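What TrEMBL annotates here:
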| type | residues | note |
| --- | --- | --- |
| BINDING | A:15-19, A:R107, A:158-162, A:189-194 | ATP binding site |
| DOMAIN | A:12-236 | domain 'Phosphagen kinase C-terminal' |
There are 2 protein chains.
Amino acid sequence: MDKEKDSILKDIVLSSRIRLARNIDKIPFPNKISDEESENIINKVKNIFSKNNHKFISLKDLDSNDINCLLEKNIISSKLASNKDKSAVILADNKHSIMINEEDHIRIQSIEDGLNLEKAFEKANKIDDIIENNLEYAFDEKLGYLTACPTNIGTGLRASIMIHLPALSMNNRMPGIFNAVSQVGMTVRGRYGEGSRALGNIYQISNQITLGLEEKEIINNLKAAVNQVINEENLTRNKLMENSKYEIEDKIYRSLGILKSAVLLNNVECLNLLSSVRLGIEMSIIKDIKYETINKLILDTQPANLKNMYGKDITEKQVKYFRANMVKEEFNIVK
Amino acid sequence: MDKEKDSILKDIVLSSRIRLARNIDKIPFPNKISDEESENIINKVKNIFSKNNHKFISLKDLDSNDINCLLEKNIISSKLASNKDKSAVILADNKHSIMINEEDHIRIQSIEDGLNLEKAFEKANKIDDIIENNLEYAFDEKLGYLTACPTNIGTGLRASIMIHLPALSMNNRMPGIFNAVSQVGMTVRGRYGEGSRALGNIYQISNQITLGLEEKEIINNLKAAVNQVINEENLTRNKLMENSKYEIEDKIYRSLGILKSAVLLNNVECLNLLSSVRLGIEMSIIKDIKYETINKLILDTQPANLKNMYGKDITEKQVKYFRANMVKEEFNIVK
C-alpha cells in the first residue's frame, strides 16, 4: 500500500527544489551596490569554485535569448535576469547553480527529480558549506541568515516542488487549493513563478515562512502540504474516471494524436497536450511513453530553447513548426 | 492537361444523381389519395419488377431507425419517409431505386460515383422505359410529364451532384457561390437536402428548371455550372496553399491524428474531420488513404447506421464510442 502510494507520489511530482539565500557580511545588498562592488562580489564567489569543474556565466555576456533559455530551465530567476548588468551564475550542472547578485548576494539552488527535498537540501547544504568556509556570511545569532527581503530572513530557505495537477485544474478546484495551502504557510504558483498562469497544469508549491523554524521543519511541513494536495488530486482523478472515463480517455488519446500529427504547435497548446499525455501515463492509460520523454519535451519545446537550436532569427511560425517537428520526432523515436 | 483536370474533377465530385418524377395517368397525386389507392399504385409498380431481383420495401414495415438508415444513404427522401403509411421503395441496389408515393407516384433515382451524370441518366432512363412499357404515364404533349409540383413539370428530371468544397467553405465563399449558381438556374444545398447545413463541406448542386429544356441540355448546363464551381474551389485551394501551406497541412494532419485516436466522436466533428482528410487526399498531401475509405466512413458513421450495427437502444455516448471505434479500425486496417 505504502509502496504504491510512493510510486504515485513520484509520478505527479516533477521535481523538488531547495534555494538558500545568503549574503556576504558587511557589504550592502545587491540593490544598493555599485558596478564595482558587484564585480567584487562575483569574483569572491567565482574564486571559490575556480578549481572545480563549474561553469561561470556573467549575465552581461549573454544575449536575451540565452538568458531566456536559462529562465525556461529554471536555472536562473527573472530577478537575476532583470539585474543582468551586475549578476552572474555558476553552474555545477543543470540541477545545481549559484546565482550571484540576485535579490541577495548568493542564492544556492539545488533541484532533484520527483519528491526528494531531503536530497536537494543535502546537496545545497554542501555548496553552502563550501562557500561558508571561504566567505563571512551576514548572520545574526538571534535572527539567523540576513537577507535583502525580510521574508527570507532566518534559514534563508525556500523549499519547493513542481507538481502536475490536471484533475484539480479541470474541475476548477485550484482556487480552493491555493486557499488551503496558504493557510498552512505554503504558497502555490504557476510553473514560471509568481503571477504566471499554470501552463500545462504544472504548479509550484513552496514555503512562505523562513523564520523561526528549523530547515527540517520547513521541509516536513511542505511535504505534508504536498501530500494533501496529491491526495486531493488523486481523489479528483478517481471521481473523474468514475463519472467520465470515456471523456478522459478521449482527451488523453486525442492529445497524443495531435502531438504526433500537428504541423504547427504553439507553446500553450503544446504544454496542455503534454499535460494530458502525462496524465495518461500517470493513470496507466498510456503505457508505451516514458515520463522522461514528456519532461524533456516540456523544457525543450520552450521558445528560447527552440530559437537556440534552430536559429535566433526564426519567425514565430517557424518556432511553431520546429516545436511540432521536435515533438513528432520524440514520440516516433523514443517510445 | 485535360487528363489532369479530369482527375481533379473526379476527385472532388463524390457522386452524380438523376431523379425522374413520373405519375400514373388518371390517378390523383399522392397527397390526395386514399390508403387503398396508394396500395393500388404500389402494387402496380411492384408487379412490374416482381420478376427482377429487386428488393421491395413497404415503409410502414420499417421502424424509424431503418427509415433513417435509408435517409442517411440518400436511398429515400425525407418526403417519402414523412409519407410512410402510404409509401414504398424498390431497390435494384443502393444506387438505383424507385420511390413510390413520394410527392409523385413514381420517382426513379440513379446514382453514379464521381461526375458521371450521363451514365446515371442512361440507367434511370432504362428503368423509366420499363415502367412506361407497363403503365400509362400522366403526360401532356405540350408540357411533358405532369407532376404534383409545377417545378418538376416537363422532363421531371432533377440532375444533381455531390461535391466537396472545403476551401470555398473555409474562406466563407459559399454565399457567393449560392448566388452565382442560382443565376444560371441551378441550386446549391447542404448534403442532406434543402435547408440542412453542409456537414463535412459536402454540397449538392442541382438544376431548378425542368420545363422547356431537353434532358441533355439540363445535364450539360449542370455540368457547366459544376465545372465553374470546381474551378473556383481549385483556385481557392491554390491561394490557400500559397498563403497558408503550413496551416492547411496542420489542419489536415491533425484531423487524421484525431480520427485515428479519438475515443468519442460526434457526427458533426467526424464529418468535418473526414472532410479535412479528404482534402488532404485530393491535394496529394495524404497519399496512403483511399477515397473509398473516406466515402465509406461518411455513410457508415451516420447515427442510424451505427444503431443498426451496434443495437438500436444504444445511448448517444455509445453511438459516439462506436463511431470512433469504426473510424480507428478503418484507418488502421484499410490504409
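Backbone N, Cα and C define each Cβ position, glycine as well.
Positions of TrEMBL features highlighted on the structure.
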{"residue": "A:S15", "record": "ATP binding site", "CB count, 10 Å": "20"}
{"residue": "A:I18", "record": "ATP binding site", "CB count, 10 Å": "27"}
{"residue": "A:R158", "record": "ATP binding site", "CB count, 10 Å": "21"}
{"residue": "A:I161", "record": "ATP binding site", "CB count, 10 Å": "26"}
{"residue": "A:G190", "record": "ATP binding site", "CB count, 10 Å": "17"}
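Under the DSSP three-state reduction, A:G190 (ATP binding site) is assigned to strand.
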